[in-house]
Amino acid sequence: SFRHWRLLRSPGNFPHCCSSSSSSICCFDLWVVMGTSRCKAMELLPLLLCSVVLFSSVVSCEEKLVRIGLKKLRFDQNNRVAARLEAGHAREGLRAALNRKYGGLLGDKGDPRDTDIVALKNYLDAQYYGEIGVGTPPQKFTVIFDTGSSNLWVPSAKCYFSVSCFLHAKYKSSQSSTYQKNGKSAEIQYGTGAIAGFFSVDHVKVGKLVVKDQDFIEATREPGVTFLMAKFDGILGLGFREISVGDAVPVWDNMMKQGLIKEPVFSFWLNRHVDEEEGGEIVFGGVDPNHFKGKHTYVPVTQKGYWQFDMGDVIIGGKPTGYCGRGCSAIADSGTSLLAGPTTVVAMINKAIGASGVVSQQCKTVVSQYGQTILDLLMAEAGPKKICSQIGLCTFDGTKSVSMGIESVVNEGDERSSGAVNDAMCSACEMAVVWMQNQVMQNQTQERILQYVDELCDRMPNPMGESAVECGSVSSMPTVSFTIGGKVFDLRPQEYILKVGEGTAAQCISGFTALDIPPPRGPLWILGDVFMGRYHTVFDYGNMQVGFAEAA
C-alpha cells in the first residue's frame, strides 16, 4: 500500500525552502512505501535539509519495530542570541533550583534522587525532533524525544497568557473522542521558570502505535525565551518513572505494558552529516543493524531516574586528565545538544582547543598566593583532597573539601558576601589542585606547571554557556575521549565543534559547556547530541543498561 502526505510550511520559518520568492508556502512531498508481507525500507523523496526531516514510521508486524524519523534543524544565530538572554537570567534560577533540592546549600548530603537535572537543560539548542499525535483523531505535535526527562507535555488550548502558546500547535480536548479529564495541577521546574498546567488522559500515537489512556500535561504557562523561540511544541520524556512529575506513567512504560513492542529496548541514531536530508531515527522495540558498526559496549544503569551510568577518565589529546580517574557519573541525554561536564575539565579542554573563556580573578588569586604551596604539597605526596583545607581555603569533612564560606554564613549581609567569596576561593583551589596534579603526572617543570595553571584561569568556561574557537584551527585541535565500560570513545574536533553560518560570516562554537554537580550525584557529565551523534546509543530497559557503538 502507498501512503502520501503533503506538508505545508511557511517560508518565513524556512527561508531557504522555496526557490520562488513569490511562493506563499513551501510544499514537501513524502511517500512512504509499506509492504504487506514483510518490512520494506522507507523511501523518502527529496526533502530540504534547512527545514526538517519529515516524520515517518514503519511498523513490522513480525518484529514490532517502530521507526520514528527525526527532524533536523541547523544550529543558528537566532537561537544563540536567545540562549544568551536565557542564560543571563538562568544562573540565579539554576542555583535556586539546586538549593531547593539540596536543602539550602550545594554539596549538602541528601537523597541523590532529589537532584533536578531537568533544571540544567537548555532545550533551545536541541536540534532533533519528531512528530506524534494526541487524541482521536490525532492532533499533531512536534516534540523532542528526551531521555533526560519522563513526562509528556504539549501546549493546551487553554493557554491564554503565554505568548509561546500562540506560536505552537495546541491540544484541544473538545476535539478528541478519547479524552478523559484528570485536572490535577502539574509543574516542571526549569532553571528559568516552570512549565505549568494540568494533567489530562488521552490516546497518544507514536508512529503507527497507539498508546491508550496516556497521562500527559496540558501546558498553560510556558515562560522564558526558550519556548518562545523553540521549533518544537512539546517534550516526550523517555526517562524512568522515578523522575516523572506527578508520578505519571511515561509513554515508554505504557508501550511496554500494553504489549506494543517486542523487546523493551529503544535506540537512537542521530545523523550528524549536515549535508544530508535525514535527521536520524529512533527505533522502539529494538535496534537497526544499519545504524551502527561493530558491537555495542554496554554499561549498567547505576541509578534509575535518568539513564545514568559510571564513566572513567576524560582524555585530551591522548593524555589523561585524571579528574575522573576514580570514576564519574554520566547521563545519556538526547534532549541536550552539547557535552556538559565539570568546570575543572572543561577549562582544560578550552585551553587545549584555544577556546575563548572568561578570566577568573579568584582562580588567579589562588595561583599567585598559594600556587607554590599547593605544588610543594603535591610533590610531598599530600592527599589531594586535603590540600585546600591544609592551606586554609576549605575545610575537610572526612571525604571532601567543603567551603569555609558556607559554614561561616550567618544572617548579616556582609558576612554572606564574604562567604560567597570564600566559596569561590575554595572551588578555585580544588581546580588548581587537579590541574597541577595532571601536570605533575606529565613530569612538567614547576615553572611550567604554575604557568599552565595561570593560563587555565584565563580559559574558564563562559557562564553564558558557550565558548568560541577559530574555525581555521579546527583541524589541528586534539581528540577528546571518554572512557566508558573500559573502552575509549573518541570525539574528533569536527565532531565536537559546532559551526554557525558559512564563509567569512562563519563562527565556530565549542561543544563543551560547564556543569558542576556536587556529590553524591556528581561529578557528572551529560552526554548530549554531540556524543550520541558519533555513537549509536541503545537504551536497554530489560537489562537496565546503556550501549554505545560507532554510528554508521
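Quick reminder: no glycine exception, Cβ is built from N, Cα and C everywhere.
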Partner cysteine of Cys159 (disulphide bond, per TrEMBL) from Cys61, Cys165: Cys165
List, by number or range, the same-chain residues at least 6 past the domain 'Saposin B-type' (358-398) whose CB is under 8 A from its CB atoms? 404, 407, 421-422, 424-434, 436-437, 440, 446, 449-450, 453-454, 456-458, 460-463
Cα distance, Asp146 (active site) to Cys165 (disulfide bond), nearest Å? 20
Let me make sure I understand the structure: which of the active-site residues listed (Asp146, Asp333) has the fewest other Cβ atoms within 10 A of its Cβ? Asp146
Give the residue counts of the domain 'Saposin B-type' (422-463) per reduced DSSP state, in the order helix, strand, coil. 32 helix, 1 strand, 9 coil
Rounded Cα distance, in Å, between Asp146 (active site) and Cys159 (disulfide bond) is 23
With every protein chain in view, how many other Cβ atoms are within 10 Å of the Cβ of Cys159 (disulfide bond)? 21
